Each structure stands twice: as C-alpha cells, then as structure tokens.
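Here TrEMBL flags 51-69, 143-163, 199-219, 225-257, 269-290, 323-342, 349-371, 383-401, 413-432 as transmembrane segment.
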Amino acid sequence: MNLYAAGLRGIFKCKEYFLIYLLAKPNSLSTIRQASCVDVLAMHFQVKTKLPIFAIIFIAHLIGVFGFLSNCDFLSETSLLNDDYSIHFSHIDPVKKIFSETGKLWGYSPFFMAGYPKSTVFDADAKSAEIIALVFSSINSAVVYKFYILFNFLLSPLIYLWASKNLNLQGNKLLIAFAMGTAYWWNSPALRFNLAGQFAFIFVSYIGLLIFSLFYRFLKEEKTVFMLLAMIIGTFALSVHILAPINIAVPCLLLYAVFSRRMRLKSHIYVISSLALILFFNSPWIIPFIKYYSLNNLSEIEWFFGSKNPFFFVDSYFPGGSIFRYLRLAILICAIGGFIKWKAKRNDLLIPLGGGSIVLFIFAYFGAYFTFEFLQNPWRYEFILNLFLFIPASDFLSEIFEKQGRISFQKRIIAIVACIFLLITIFPKNLAKAAKMLSIPSGNDKIMVYDRLNKTTKGHDYFSHEAIPTSHLPAPASELIDWIKKNTSKSGRILLEDSCWQSGHAYWGTHLPALFPLYTDREFIGGPLPQFFMKHHFAEFHDATIFEKPIKELSSEKLRRYFDLYNVKWIICFISNSREYFDSHPEIVTLLTKIDKFYIYVVNRNPNFFLKGNGEISSDYNHLYLKNVSPGNITIKYHWHDTLKTKPERKIEKVTIMDDPIGFIEIYNAPEKIEIYNAY
C-alpha cells in the first residue's frame, strides 16, 4: 500500500501539480508528500471532479466573449467604435506620434478647443492601451487596441480565480467564487460598462482584488515574491485606470494594520519601496497628470457625481424595478453570512474585507455628498464592492456542500435558500440578454443591461441600452468624413455639434468626433466629447449649447465675435434648436448640404488664424509653423500653454480675449518665419 501511495504521489507530482495547486490551499503543497494513500486519492478525486467544472465555466465565458465581439473585425484598421471605445482609441495614435519625436506621453494638440495639453488628465483611464500600442508600434494601432480589449475580457475571470485562491478559498469555495466572479462579468454594471467602452474600470477592479490578495499573502507568509508580484501588477494597474488605488486603498490599509505588529522591519521597507516603484514607473504620465490636474473642471459637471439621495441604497437593494436590485441584495445577504462565519473563526480577512466593503458601499451610495473628484460616477464602486463581497459569500455558500454532521441542518437550509436566491438573480435576465449575442451576430440590436435607477418613459428606460461593440464604420459616417476631407481645408476650423447619451449618441452610437482629426487632419471647435472635463472645453458645441451658453441666447454680434476668435469657417450640427438658430442668421452662415441627420453650413467670413498681424499657419502635434509673418507683435488664435517656446527664440505671453478662460498666444517682435513648439 505504501509503495502504491508513493507511486501515486510521483505521478500526481508531475502530471497534476498545477491542478492541485489551483484547488489546494495556498500552503498545502508542502504537505502533499506527507499525505497517505487515501489522502492522495481524495485529492486526485477532488481535482478530477472539479477541474471539468472550472473548464466549463471558462469555456462558456470564452464563447460569450467572442459572441460579445462578434461584430469586431480584429484585423481591420478600424477600432471598436461604440461610445467610449472610440474615445480611448483616439488617444493612441497622437501619443505614438508625440512619443516618437519627444519620448513623452503627452503633448500640445491643436486639433480641438483651439489647442490644449493632450493626454495629461483626460486619458488617465487609458494609459495602458497607449503604452501597449507603443510597445507594439510596428502593428496597426487599431489591431493592437482590439486584441488588448479581447485579453482584458478573457483574463478577468482567471484573475479572479487567482485572487480567490490567494484569499484562502479552496475546493467548493474556490469553485463558487470563480463561478460568481465570472457570471458577474456578464451582469450589470460590468456588462453595461463593457458595452459602453468603459472596460478599463471593470478590468482594473479584477486586478485590484488580485493585488489585494497578493499583498495579503505577503503579509501572512512574508515571502518577497508576493510583494514583487503585487508591485509589478500594481504598476500595470495604475496605467489601466487612475482609480485603481482608490478601489483597494482602504482594504489594503486595514490589512496592513492587522498585520503590521507582527511584521519585520524588512517587510515594512518592501511595502514602502513597492509603492515608490509603482509611482516611479508611472511617473512619465503621473507627473504631467499632477501638474495639469488643476486645469480640470470636473466639479462643474454635476451629473458626474449623481443625485443626492440618502435613500439611494434602499432603491438599489430592495424590491421594485430591475431584477438586478435583487442581485445586489442576494450578494449582500450571502456576504453577511460569510462575515458572520469569519467572525466565529477569527478570520484575519474579516476586518480588511468587511471594513473595505463598508467604505466602498459609502462611495457607491453616498458619494454624491462628497466633493472628492475621484467619486465621479460614484455608482461605479458598486462593482468592486461586490467583487470583494463574493469572497465571504463563497465561504458561506460552501456550507451547502459540507458533509453531514459538520454543520447544522438549519445552517445548510439557510445557505441553500440564499444560493437559490443568488442564482435566480444572477442568471435569468441579463445573462439571457447576453446569450442572445452568442447565436447570431446581433448587429445593431439593443441589449438592456444596466438599471441606473432612471425614470421610465412609457415603460421604457432609454438610457439603459447599448449596442453591441462594432468596428464597422457606418456608411453615412464614411460619407461625412469624406465630405470634410474634400470640402474643407486647414485654413479655418469646423464648429462641430457633439453628442452623448443626452442626445441619443447622434454619431451612430460612437464618439466619432474624437477620431475626426485622425481621419480628416482638420481642427475642430466641439469634441472630442461633450463631457471633456478641462477648462479648455469652453471652446465647445454640443446639444444646442455653444461656448457654455444655450445657442438661442447668443446674439448675432456675439456669434460673429466667437467665430472670428476661434476662426470658424464651417459648421456641422443636428439638433433642431441649432439648425433653427443658424437658419435665422443667413447673413452669417449659409446652408451647404445635409448628410444623414447632419446639416452643414459655411460661415460667411474669410478664415484667418491671426488676431493681430498677418501670416500663414500650419499645425501638428507639439508644433505651430508660422511663415510670411507681418513685422511686429502678433497674436494667434491658438491657446497659450506654459511649456510653449519659439524658434528663433522670442518673448511669448498669454493674452486674454473675450471670456475664454485659457488665453491666446502673443509673440513679441516675430520674425517672418517662426516655429512655436512644446518645450516640456
């Protein structure tokens, strides 16, 4: 018998080492050699019986992801276009161009808002895509971006599996956690975020839990490898989304507090050094982010922070409306059961996960009451909250599978009822809608995915629908792009009426205006999206609002002055109020044509980029080239920035004109030919 057991141990050690690793306790591998024949057979049975279930769960997710992306041509040179996918992609090629010349990850862009510092603040949830595109710079950016998104989607459940195992879940507990962490990806808010191109926050939430779990293993076992892994993954996570530290800050601090007294000095040094290295490796974009963060105007966009409702959590958790409200309640009930179990066993994760969950709950449901700008869209924290809650919930639900006599009949019944409640809420509605994508590519079908507690109109919630992601540019969009390329020039700017969910995503469900400079090489007033939260975005036009004023409140004289200040030569609009306003001023603008829903006008003025003096200007990222410049001081219609300098060197200052909050570039004693460049 001992010889047979030894033989089994040898076989399993070579053939099934990794499988046992997945299903065993983190510290149990060292005990395998001491296992009896019965123990080894039991472990072998555990691996053999559970591995197919793990595989089935992941294969189902794999099939689902490819169904989700069934309208994506991975090898085409067109990005995913829906909603924020187009916004994130719009950062990549400019950063590649800037980096190839300067080695920097940000620069001065002349293409929107009369010039602004691009890729400083607004793209802090997209840096990883930019950096990966730089690493694979020889491959088309759109191809790299789409495969990056694919790997985000595929890796999330596996990351959750790894994190769950690090947090002491094994066997049935690990299987339950993996199943819930995977299924939750297909529920709100994750599915809605992924449909809307806000995939970075979902992905970094999974990564955040993994970092927390590695930090836990480092503190518990004091093995340097776990701190090293946490540091490496943390460096990447910060570039995925700027809110990565906020997601896990409190749980990690509480974890550190629990273990700090028993830690050696060396371990404290490792923690501090790891944090410093994470910031150091991200410093090429963190430094400009910090430097120019004061240019944001997030606090002025009130709806970003949600409505102040002290009973928002009641509306979210209790009966009425979407089935997802019951899912929130089911997760909470199961998690409370797990926390009670942990308290009885004095589990060292109780305080970090319990306390961290309370803070995330406050962020999600009371965030509107705080002035912290990281709490924009506070309901997003519901997702990371529930990812944390699934850990104790899995421990609680595992009582269903406990052997007879190990737990009371009453506890088993409670766990079974809670499990049924969770299964009913996590699967039918949203997953049924998601499954629709798997059979036939759904094209422009809409899928209801997210109960944002919006008011319904005629029984319908219009803001809870998103189209399946696509990389196919609609024919009218191509027609509009071609018209701009053929019928406009760089001598003047295009006033572009932008659109978001408030006006039904007029650009075919995308933020196509963000990509217009890439496709047309023109400059725009309006774009890259209506919620661009920098002060430069005063120079904008969206939803019949122009220069931060309702368009019909603007006098014809003020309109003329704005058109001259920003050198507007063409107009593209679609809102009826905007069309009516421009049609009522035939002395200023003339209708040229209509493409799909968009009306195109020409402004009756000669384009000129000089406010003072004369000359010719050509522009590109980080450069303004002036020639045939008239003698003396000149002022040009581009926004001033503190890092701009000239060749040959001349005095350059900011001049304030009208109510523009940024100011424009004035050059003293300009020569006939001069270059303005970003000197960093």
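Glycine is no exception: its Cβ is also placed from the backbone N, Cα and C atoms.
What you are looking at is a predicted structure, and each value in this text was computed from that prediction instead of being measured.
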Beyond the flanks of the transmembrane segment (349-371) by 6 or more, those residues with Cβ under 8 Å of it:
167-168, 212, 216, 246-248, 250-252, 254-255, 257-258, 299, 305-310, 312-313, 316, 335, 339, 342-343, 378-382, 384-385, 388-389, 391-392
Positions whose Cβ lies under 8 angstroms from the transmembrane segment (383-401), at least six residues beyond its ends:
160, 164, 167, 169, 171-174, 176-177, 180-181, 184, 189-190, 193, 201-202, 205-206, 208-209, 247-248, 251, 328, 331-332, 334-335, 337-342, 349, 353, 356-357, 360-361, 363-364, 407, 411-412, 415-416, 418-419, 422
Chain residues outside the transmembrane segment (199-219) and at least six past its termini with a C-beta under 8 angstroms from it:
26, 88, 125-126, 128-129, 149, 152-153, 155-156, 159-160, 162-167, 181, 185, 190, 193, 226-227, 229-230, 233-234, 236-237, 240-241, 243-244, 247-248, 251-252, 255-256, 258-259, 263, 267, 270, 349, 352, 380, 383-384, 387-388
